[in-house]
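Copied over from TrEMBL, here are the features:
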- 6-22: transmembrane segment (TRANSMEM)
- 43-62: transmembrane segment (TRANSMEM)
- 74-96: transmembrane segment (TRANSMEM)
- 129-150: transmembrane segment (TRANSMEM)
- 170-189: transmembrane segment (TRANSMEM)
- 201-220: transmembrane segment (TRANSMEM)
- 285-306: transmembrane segment (TRANSMEM)
- 318-338: transmembrane segment (TRANSMEM)
- 344-369: transmembrane segment (TRANSMEM)
- 390-407: transmembrane segment (TRANSMEM)
- 413-434: transmembrane segment (TRANSMEM)
């Protein structure tokens, strides 16, 4: 393996370890054993769920190429996944609120396992079914688990600030450490053991099955809307009214869609960006480098969220600007660095520069997840949490589908330029959210001061 990858990985590992070991009492919150037990149970489940997801990530695009599909066909398969998430996401989110988040979490495991099984077939239609199942599973992953956590946290009477501990730990472990190990494990299965590109999907099924067993045996059920008589359309209308009546929820949804849309487009584009001429790159190891960068971001987020004086709405403006600049690097290198015309070989100089920029973007992703979770817990009403969160995914999936549908029409540098522009817009909307939230806090303070004292 090239020395460059090892240097980047080692450097990031040292930085992350230093940040974690240097935490002081200001960066930590003392919590009781009852909360710690609850938190650790959730972190175990979340880590297993994310292991099932991350094992697949680096090899989806690669698996399709081994079956002989080109970039256009692969783009259509990805569109099927995001389109499925868009069409069915709100429905499954509402069902989770109505019939239980625990049941929805179990459904996620079953659906994703079925999606993994389809990867054994080289038939386009079977793979398309797998992408549709994967889209449904993704909607559940990013709504049902967080909704269960927030509801159960509040039901047990834990302090609101402690949610940020669970969020940051979940991202650090599930989106960081577990993802790194998943990338290395996948690289071992495909590379060293030569078990083929479908092996990580089989391993993912095993982790999902273990996680499902833990959920069944240790989780209690909770619901969103307590009224069992409400049908789906009534739930949709209630969620839509909640969104339309609160500018903070609208802004939060737009910010999430812009960032995640850029992030999922990056997931599709990073492989062809780093190997435009079929360069031999270690997909699993690079993925681990990205996840180590994400751990760096989540470690920094845990420090920021532990300080009551630091406003999440404030520092996220800077995060979005930095992420926008990082995805602008492929555009800059396309002008400043002459493209290599040699087929195969190792990663190019331009590829090395882009990889470093992508590491910065992944660090921003690590900051984004616990921060957006914190803001969602503050602004989204509990009774329709899963429904509203999946409403947010509708514009996200439309955006990604449009990008992937036109993936052959534009150079990769143009696609990265669009993502950079959307991230800059997100920073502007975050600035607006900060102002609206501050005015809302001031209005509440004035209302409390105006209330007569009951003596």
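Glycine is no exception: its Cβ is also placed from the backbone N, Cα and C atoms.
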For the transmembrane segment (74-96), which stretch among 6-22, 129-150, 170-189, 318-338 has the most Cβ pairs under 8 A?
-> 129-150
Residues of the parent chain within Cβ reach of the transmembrane segment (6-22), under 8 Å, 6 or more residues beyond its termini | 285, 288-289, 292-293, 295-296, 299-300, 303, 355-356, 359
The transmembrane segment (318-338) vs the transmembrane segment (344-369): 3 or more CB pairs under 8 Å | yes
Stretch contact, the transmembrane segment (170-189) with the transmembrane segment (390-407), Cβ-Cβ under 8 Å, 3+ pairs | no
Candidate ranges 129-150, 201-220, 344-369, 390-407, 413-434 - greatest C-beta contact count to the transmembrane segment (43-62) (under 8 angstroms) = 201-220
Sequence-distant contacts of the transmembrane segment (344-369), meaning Cβ under 8 Å and at least 6 residues beyond its ends, amount to 2, 4, 8, 12, 167, 171-172, 175-176, 259, 263, 266, 270, 273-275, 277-281, 286, 289-291, 293-301, 316, 319-320, 322-323, 325-327, 329-330, 333-334, 337
Sort out the residues at least 6 away from either end of the transmembrane segment (201-220), same chain, that have Cβ-Cβ distances under 8 Å to it, and list them.
-> 41, 44-45, 48-49, 51-53, 55-56, 59, 63, 102, 105-106, 109-110, 112-113, 116-117, 119-120, 148, 152, 185-186, 189
